[in-house]
Amino acid sequence: MNAKATTQYDERAAVTGTDEKAVSGGKSIKSVYVYEAPVRIWHWINVLAITTLCITGYFIGSPLPTMPGEATNVFVMGYIRAAHFIAGYVMAIGLVVRAYWAVVGNHHARELFTIPIFSSAYWGEVWAMFKWYHFLSQRPNRYVGHNPLARLAMFGLFLTTAVFMICTGFAMYGEGAQMGSWAERAFGWVIPLMGQSQDVHTWHHMGMWLIIFFILMHVYAAVREDIMGRQSVISTMVSGYRTFKD
Ligand code: HEM
Ligand code: HEM
């Protein structure tokens, strides 16, 4: 392959994730290092934070009707809210660090933050994966980074909702932290934008169900791909290496 063809090949691979050169270049190449440690560590910390946020958030929205014991000795809702706010900080700071890693990390670290909307090759691969997930094709393609459909969901469903949850969450947090607090100054504008405080609560609550929808699809797809796909998936988010089965 001449130099120009190689460059075009690399560019296509970076956009679509189909790096045939990396997986079929030689029999000896079976594994490719994809997700660097900060991406993997962030993923699993983020899973813990979001799980905590969903459980505690649900109870903030639908508190237990009654608690046994003397009211002054019971601080359950206080602990639930404290856990929510700590996990909220972990999620928000984690996303900022993850965004920094998208700048300094490898090109797979950037996939979460960008969608190559003008690339027909990318949309072709999205369609191919759509058919594979809907049992309309016999065989999936092989991808080194995220598969293109997963990338669309991670950007369009997870990232945008996560940013929305952070903005609305800290807007409400700023109300409790009072006028002049950093949260009120940075995110206070969200409340009049949505109407009033209760509207922010409602939209923040709806955001939770959108994130839960993403998690259901995401975990189902990860387990299904691990079993039916042509490459390792869950272990890749642990070790960083994508191993090809064929
Ligand atoms: C709260 C739950 C979860 C959320 C919000 C979440 C979110 C994400 C996000 C945003 C990515 C993209 C990572 C990046 O590019 O930096 C990702 C990748 C990934 N997640 Fe999760 N995740 C969750 C739970 C899980 C669970 C329980 C599993 C395992 C069964 C899992 C397996 C994976 C795998 C294997 C990848 C990489 C997929 C690939 O190689 O293309 N995730 N997840
Ligand atoms: C995936 C992320 C998150 C989920 C699923 C989530 C979920 C929820 C839910 C369901 C509620 C109850 C809303 C209602 O019905 O009134 C809530 C309230 C709240 N959340 Fe979150 N949240 C998330 C992120 C955050 C973040 C990042 C912060 C920032 C600190 C935050 C701060 C708050 C605050 C201040 C409240 C109101 C507490 C109260 O009124 O007692 N949330 N959250």
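Using N, Cα and C of the backbone, Cβ positions are placed for all residues, glycine too.
These figures come from a predicted structure and were not determined experimentally.
Quick look at what TrEMBL annotates:
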type     : residues : note
DOMAIN   : 34-240   : domain 'Cytochrome b561 bacterial/Ni-hydrogenase'
TRANSMEM : 41-61    : transmembrane segment
TRANSMEM : 82-101   : transmembrane segment
TRANSMEM : 152-173  : transmembrane segment
TRANSMEM : 203-223  : transmembrane segment
Residues of the parent chain within Cβ reach of the transmembrane segment (203-223), under 8 Å, 6 or more residues beyond its termini: 50, 53-54, 57-58, 61, 133, 150, 153-154, 157-158, 161-162, 164-165, 168-169, 172, 194, 233-234, 237
Averaged pLDDT score, the domain 'Cytochrome b561 bacterial/Ni-hydrogenase' (34-240): 96
